[in-house]
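Residues annotated as transmembrane segment in TrEMBL: B:12-32, B:44-63, B:84-109, B:121-137, B:144-171, B:191-209, B:221-241, B:270-289, B:310-327, B:333-352.
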Amino acid sequence: MIKRNRPGPVAFKRSDVGKLISQCSESADFMSFKLDEDSPFYISYFQTLVDQNIVHQDVLSILKGSKFTSLEEIKDAVHVENIMLTTDVSSIQQRVMLGNILIYKQEAQPSCLLISASKMEKRQISIPETEYSVVGPKEAFVESLDTNINLIRKRIPIPDFQVKELTVGKLSKTRVAVAYIKGIADEENVNTVIQRINDINYDQLIDTSFISQMIADNGNSPFPQLVDTERPDRTASVLMEGKVAILVDGSPSALTGPTALVEFFSAYEDYLIVWSLGSVFRLIRLFAVTFSVLSTPLYVAILTYHYEVIPQDLLTALVSSRGGIPFPPILEAIVLELTIELLREAGARLPTKVGQTIGIVGGIVIGTAAVQAGLTSNVLLIVVALSALASFTTPVYQVSNAIRLIRFPFLLFAQLLGLLGVAVCSAMVLAHLFKLTSLGRPFLEPVYPLRLTDMKDALVRLPFNRQATRPLFMHPQNVLKLQQHSSQKDSKDIDE
Amino acid sequence: MLPLPSEDKKVSPYLAFYIVHSMQLGVVVFSFARTIVKEAGHDAWISVLIAGAAIHLILWMTYQIVIKGNNDITVIHRELFGKWLGGLLTLLLATYLMVIFVVIMRAYIEVIQVWMFPELQTWYMGILLSILVYLYVMGGFRVIVGLCLLSFFFTIPLLLSLLFPLANAQFSYLLPVMEHSTIEILEGTKQMAIIFSGFEVILFCYPFIKQGQRSHKWAQFGTAFTTFVYLAATMVPIVYFSEGQLEKTIWPTLTLWKIVDFPFLERFEYVGVSIWLFVMLPNLCLYLWAATRALKQLFSIQQRKMVMPLLFLTVFASTLIENGIQIRQFNTFVDWISFYIVFAYVPFVYLYQLISKKMRRSE
């Protein structure tokens, strides 16, 4: 009779919390002990997840001294920010796994007290590496979601800046934050992003690049459809334009969207220098990318089929450099392009210092030797090296990978049909780009659909006083950036 | 009858400019100067202007038809002529579009064969072009219109290349004005008007344009611009070649491109023919799109299922036309149909619609 009425240890163990604790106890870093010999309370936590200072100073020191009888009393006595009394097993499990201290009373109902004491290891904020700029802020995102949101929020100190948090990944339980400015960002974009993230059904989510691939409109496209940036200033800036940002705990970058192809050619530095310079640099980058994709295929096409298009003087130079080379242009080009790709891969996988050596060995030694051995023409070497250099000018790293890749089909078509082949391949790539969307918005905007108002910050960047409206293609709710008033400067005559 | 397309499938009204312009411009730019000069001699440019004016009028009629019907021509056919006769007319129109498709494809392949790759097999290039058309048509109307827009930007540098021959031009070749008789000039006008055809596609794609009525203005601008382009492409050969020489030159524009000379580039025709792919591709894509759309309206077959078979058919048909003589014979035949479609059929439908509306109202 008595035994049945008393919810003793046996009964408690059968409950879910008991199961959880016994499950966790199998790990070496899980601590579970009784507070005192005569105390009714048990304490459990993951030693590796909690901050020892909080455990000893704020929790154990208070509990040890006094005689509590209920969990509520403890709750009132402990002065820690985040304390919760709950019976819900799933939330208990979730919070214990995030570094909460679990206090429970063996005899009582399975209600438990959770005290937040988490300690998350993180790196210090450092300077951006892939998107370095000479002028302007030097902060970059780190692997902690809270720090990253802090970096953005301090740049947008308004309540309209909102963050929605989701948990994704069956095993990794990754925290994913969707940030946007209410009243500017289109609700439809926000909902699309949230819905697509919720639809992700995968066990792990390590980085933003996972999300970028999983929620892309076309997952097979080599072109990234969301901008991946490590700069909080850039993120804040595009948020204020009406975009949506996605941050992932454990990833030092933010995804922003919807985006258009031209955005991949805009460096944040364009906004930090005078608009005329910024525009010219942006145009140079666009030219560089076109050059990078087309130069080697054009070399192959012209030298294989249409040497007539080269004027005589230039042809002499080309012939003298190609004379005695045993390979057709296509083989020569593919081997050289692959060599450059090899160097790039080797350089990317090696530590910085060794990487530099590889660059010198590859670029100078192999290149010179190949030309001297008569295996390749030095004109092609120049072309290939220049196009490799040009492909590095893209400010967003992801798109330079796409440019690396699409060069090869162009080479193939140049070999098949010469200049016509290059045109056919361009038409194919363009067909793909025309179809591509980013969160449902056309990827080639403002070129197609042609929107002149969005052209002010696309191929060129006009001065800030001309940037009165936010980009229209993402349908911002609030279009006006600044109130325009007639400037006095223009109406003044000379010498007035 | 299909429901009208949803808003997100439609394009902005100003894009009618590019649709009409790119449809009127095609492979024929290379060769048309010879055909009209044969008729109207050095007064051919007057023919171009008259033809342009006539096309403005026909385009206006085209727009009146679709604005009144507020749908594409297949539905208007059914409303005006009943299910069977209307259906037959639609079928004939769709067949006409596919025949034009073959003509354009074959003509472009011929230019490639003559100017770039003499050994190139027709079927090989046909299949390559079909793949391109397939990619664009599967992307839908918006993607095709994007290509039209792009083709406009490709046309401009090619037109600028026509400035090079002007250095050696003999402007006195244009004189005396009106040396040829009115009949001769009108003969030239007839030839020229056929070259302007292609805008009939508006009959099919009108429901896909937002605020269709507003697009009328843009379509007229498009025709005006095409007239300008053709005028330039007629004037330059006339002042550069002597009349006898021009009559013997099949592709005057291409011959003119040979003169273009940059420090890094000569023999511009190789580049020009390649880039012209972007100018003729929208024609192919829109014709196929319109034909499949019409068949969808008639037989409710999915458009995507028809693209492949139709492309195979056209490639097969274009391989049947073997040499330049056959191409030109076939061309003349199709030109004859085009002429009657533009100048007889469109006004006929316009008047018939006008009268039947009046009759209905008086009843």
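Glycine residues also receive a Cβ, built from the backbone N, Cα and C atoms like all the rest.
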Leading contact stretch, B:84-109, B:121-137, B:191-209, B:221-241, B:333-352 vs the transmembrane segment (B:144-171) - CB distance under 8 Å: B:221-241
Outside the transmembrane segment (B:333-352), six or more residues from its ends: residues with CB under 8 Å to it: 54-55, 58, 61-62, 64-65, 73, 76, 80, 93, 96, 99-100, 103, 190-191, 193-194, 196-197, 200
Contact between the transmembrane segment (B:121-137) and the transmembrane segment (B:191-209) (3 or more Cβ pairs under 8 Å, separation 6+): no
Proximity of the transmembrane segment (B:270-289) to the transmembrane segment (B:44-63), 3+ C-beta pairs under 8 angstroms: no
